[in-house]
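Asks: For reference, the structure I am asking about is given below.
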Amino acid sequence: MDFSSFLVSLGTSFVIFLVLMLVFAWLSSNPGNHVIYYPNRILKGLDPTVGSRTRSPFAWIKEALSSSEKDVISMSGVDSAVYFVFLSTVLGIFVLSAVVLLPVLIPVAATDDGIKNAKKNDTLSVGTFNELDRLSMGNVNLGSNRLWAFLLATYWVSFVAYYLTWKAYNHISALRAEALMTPEVKAEQFAIVVRDIPPVPQGQTRKEQVDSFFRKIYPDTFYRSMIVTDNKEVNKLWEELEGYKRKLERSEAAFAASKTEAKPEGTKPMHKTGFLGLIGDKVDSIEFYSQEINELVRKLESEQKTTLREKQKNAAFVFFNNRATAASAAQNLHAKIVDKWTVLAAPEPRQLIWPNLYIDFIQRQVRQYVVYVIVALMIFFYMIPIGIISAITTLNNLTKLLPFLKPVVNINAIKIVLEAYLPQLALIIFLAVLPNLLLLLSKSEGIPSEGHAERAASGKYFYFTVLNVFLGVTLGGALFKTFKDIQKDPNSLVPLLASSLPGSATFFLTFVALKFFVGYGLELSRIVPLIIFHLKKKFLCKCEADVKDAWTPGDFGYGTRIPGDLLIFTIGLCYSIMTPLIIPFSVIYFGLGWLILRNQALKVYVSAYETYGRIWPHIFNRIIASLLLYQLTMFGFFGVKKFFYAPILIPLPIISLIFAFICHTKFYRAFADTALEVTCNELKEVPNMEQVFRSFVPPSLSSEKVDDDQFEDARSQASRTGSFA
């Protein structure tokens, strides 16, 4: 990519961003679009525009900047606040790095003549563009004393990262503790999940087995237990019933809309009962759906009884009337053999992955390792096509591979546009298919909650993107360009690959720019959700519930958002010393992201679940991984530059590992478990234990007609004498 293509890419991305900002300012002021731009506020019963009709179209910037952490927590939860701590931490790392790197390293590099000498010696790496190379480490002569500045800067960036991530860990630990100490009653704080229950002894039922075991250990605080059941069939019936209820609601809405002054009796909706409503008998929709609902209600009630009595599994929920006891029980070993009576803290009821609760211990271990092997193979085999994409989508390589394209590619306007966007768009599209597959694999491990599964998928996605995008693009392009040289001299592989690293910086500069200008522009403008909503409303929505489903925004999607941010962090970190010009791009990415996503947290996204910051230790581990990759990359590059003092960097990876170990030892346990000190705070009201229990009953087993006795085989009949209900 030459300098003109780089400027075209940057300029057009910026123009697109400005256009999208103006589109947002215009569309968000239309009351008909408020459900797209302010759904979080609407769902909480708040005024979408904060009551001002003369409101500036850019007032959202001031509101985002002036919002407090408590505002974010009240609107989107603790997990959102933790995410913004992460954004501000990495933003701080790049800002403090820029304070030293930009005024020091750029002049040091720009005033040397390494590129000029490399041209004379015919050793300049292929694919670089000279205008920006002169501002990078590539312009420093081999073995020059100027490299001391770059070596010391490597230490500076590392210690800035240590300091800010330590502060972040401290702050998030306090946030988590404060949230868990709240006096409000949270159902999950009074329950534990018990898995791997041994076979039922002769003469006992499953509920009697669980009750006797836990009543013996916790005689004063044990409340009751609920046996986990196989809900596959009852869930099918419940979903079918809900589907018919929605169809009935649509038919009634259509009937009401047909009533006019000229025809007050209206027209009853009709439909055919056959395939896709195209064949079969024509029937009154309201009567038909009402009959189907009545029939399904009878089937559902029958299946509920069958499920509760005959489909019990080797897992249960155990409830305590004291949250400190529940927290303690979740951390203790309850059996002398670890694969029996395994216990963990209960997640929120809305997070539960029910089929995974009764997967036994050995099977979970086997599944976990099988998934790890599958992911490792995916990473390896994905690196092949990504490397090919990175190589082929470079125009020079593309014309070598497909010579017939040369006349088209040589047209200046087409060449500039293709060089500006082709490689980045190809990579972004190629990666779009991954997240759902990785989430499915994580759930197949036997993970019991949505939050945990998303954290696991997030980790896989991070390593996937770093290994395939960062390393795959860099090494793939270098191998393609230098393959003939490597064939002639295999010993030249390492120096050739290392010397090609600065050349890949141009790709990543445009990649980051595309992500923050176009990506965040689309995030703010919400053009795609707006178009989808209006299309659904016009052609598919038949009742108010359909309309609400069409505009319900969903959550942040941490499983893909955080790995994407960490990829940019890794790229910015690894190239910060070699090409300091990437630092402003990283600052803009995280600064703009903080601002725009702050607005989205306050007004748009609705949390699907709350884990009280349990994602942070996973983010921290990935930050450390990025830091290690950065330090090893710099050590290798100093070797390529033939700098005699490169071994001075050897302590840095060791310091990083020691730092990670200290942080893990000091902080992690409070994230893995709930501290008893936190749970001992007084509640503002006596908990209604029956309500706590009922919150864990799955919707398919809840019914107005299902009375208390129908749960006798799925929960204990412990004495309620000590109950607070």
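In case you wondered, yes, glycine gets a Cβ from its N, Cα and C as well.
Straight out of TrEMBL:
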DOMAIN    5-167  domain 'CSC1/OSCA1-like N-terminal transmembrane'
TRANSMEM  6-27  transmembrane segment
TRANSMEM  81-106  transmembrane segment
TRANSMEM  147-166  transmembrane segment
DOMAIN    189-356  domain 'CSC1/OSCA1-like cytosolic'
DOMAIN    367-638  domain 'CSC1/OSCA1-like 7TM region'
TRANSMEM  369-395  transmembrane segment
TRANSMEM  461-480  transmembrane segment
TRANSMEM  492-514  transmembrane segment
TRANSMEM  566-597  transmembrane segment
TRANSMEM  618-638  transmembrane segment
TRANSMEM  644-663  transmembrane segment
REGION    701-725  region 'Disordered'
Asks: With a cut-off of 8 Å between Cβ atoms, can you find at least three pairs linking the transmembrane segment (147-166) to the transmembrane segment (6-27)? Only pairs 6 or more residues apart in sequence count.
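Replies: They are not in contact.
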Asks: At a C-beta cut-off of under 8 Å, are there same-chain residues at least 6 beyond the transmembrane segment (618-638) that contact it? List them, or none.
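Replies: 86, 90, 137, 147, 150-151, 154, 157-158, 161, 165, 168-169, 455, 458-459, 462-463, 466, 470, 498, 501, 562-563, 566, 569-570, 573-574, 576-578, 646, 649-650, 652-653, 656-657, 659-660, 663.
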Asks: Between the transmembrane segment (81-106) and the transmembrane segment (6-27), are there three or more C-beta pairs closer than 8 Å, counting only pairs 6 or more apart along the chain?
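Replies: Counting Cβ pairs under 8 Å (6 or more apart in sequence), the transmembrane segment (81-106) does not reach the transmembrane segment (6-27), since there are fewer than 3.
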Asks: Quickly jot the same-chain residues contacting the transmembrane segment (566-597) by Cβ under 8 Å, restricted to those at least six beyond its ends, or write none.
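Replies: Distant Cβ neighbours of the transmembrane segment (566-597) are 61, 64-65, 83-84, 87-88, 90-91, 93-95, 97-98, 101-102, 105-106, 109, 132, 135-138, 150, 153-154, 157, 161, 462, 465-466, 469-470, 501-502, 505, 508-509, 511-513, 515-516, 520, 523-524, 556, 619, 622-623, 626-627, 629-630, 633-634, 637.
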Asks: If I take every residue in the domain 'CSC1/OSCA1-like 7TM region' (367-638) and average their pLDDT values, what number comes out?
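Replies: That region's mean pLDDT is 81.
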